[in-house]
Amino acid sequence: MASSGTLMSEEQFKCFICSNVFTSPVSTPCGHSFCISCINKFWDCSEILRCPKCEEIFLERPELRENTFAKEMVEQFKKRTANGSETISPRPEVPCDRHKLVDPVKNLEDRMCKKHERPLQLFCKQDQMCVCVLCTETEHEKHDTNQVGVTGTEIQQMIQVRLKKVEDLKQSVKLSKTNTKRETEECVQVFTDLVRSIEKSQAQLIQMMEEKQKAAEQRTKGLIEELGKEIAELHKRYTELEELSQTEDHIYFLQGLPSLCSIPQTKSWSDITVHSELFVGTVRSAPILYPTVNVTLDPKTANAWLVMSVDGKQVKDGNSQQHLPDTPERFDTAPIVLGKESFSSGRHYWEVEVGQKTAWDLGVASASVKRKGVVRLTPQDGYWTVCLRRMNEYRACADEAVMLTVDAKPQKVGLYVDYEAGQVSFYNVEAKSHIYTFHGCIFTEKILPFFNPDLNDNGDNEAPLVISPVSVREEGVCL
């Protein structure tokens, strides 16, 4: 027994789990203390994190804190025992010490097994019913059972987990609504700007056509007035000739004949023509409204002899081979590089500056094209390209090469792709003229921009291919 001079007894400093005096006591969030090793072992062997004493459930493993007060008191008890100043005689244990007290209940018989008249202390998970200890040895033998309190605790924990999931889902829906609202506003703004741009272009185009028509009418009016004057003069001369031809005075006839026989000074109208197709091509020459794409070169595909700019917008033959990994996507023989951007739908337009280069290839390629060894630039092999060789020989690399006639040497080439229509077109941007179009292309996968700056040719072809930003000029690009 503890001395009468202290209000504390040894029982107050015994671990509920091991029933011994605390060793390194720690406290749980609910306020109960245990040996640190006891509580850790208890939780390691339990599916549910709960307090062994009050059975409070924890959703996460609590952080244990040292109970310094209990530790100091235990040390005092140990010192007193060692000095013989206080003798602790353990209280004899009786079977009911470990019984769990519960609140009084009504209808106690409902909590008893009707077959064995034992308390319903267990829950059979298989049959979903409360059973007694004897039931587990008979009809519920080998069934998965738990203490009723433990099962209730599990259900409570499941409820808490699901409630948390419900809150997470609500929060997710709320966040989704916020994001959807923002995206919707951005979408509306984008299309509003697009409509405004289209309306502005439409107004400018209509105004230009009206001004052309007005100028044509003014010019035609002036020509008609000038023609009217000449017609009047010719009529006058014709009338005078008629009168002269009717006279019988031969002297008068001969005197007036020279002046009337000379044709009045009139304008030659042979070079004046009427153009009924004054506005044909006006819309096709209007500023680009097709989606432009910001193409960037993909260094992973570039041949080791090619040199690219840091921004991925220029490429040329470097005259020496770089030490690069021979990956599956890299071209190992042909001096080719592809763009990073791929297309599997829609319409796309970009421009490449070729300048004074003497040789180049431009176009698009399927994502799965052959990249090792000799490469055949044909649609059958997944390439749709136009090339320049020997300064002025242009050809379309179809299944059978098509020689092209180009009126003006392109300084900048525009490429237009309509995936659904199966069309790949090439344009001379500066001359606003069409170079060539592949029709009826069958695209079965993603396609990518294709570039080949060709060999340096002792410096004659050292200029790079340059992907240039598309500028919508007032006169537009003829597509």
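Glycine too: its Cβ is placed from the backbone N, Cα and C atoms.
Checking TrEMBL for coiled coil across the ranges 198-244, 245-291, 292-338 points to 198-244.
Same-chain residues lying 6+ beyond the ends of the domain 'B box-type' (108-148) with a Cβ under 8 Å from its Cβ atoms: 154. Per-residue confidence over the coiled coil (198-244) averages out at a pLDDT of 81.
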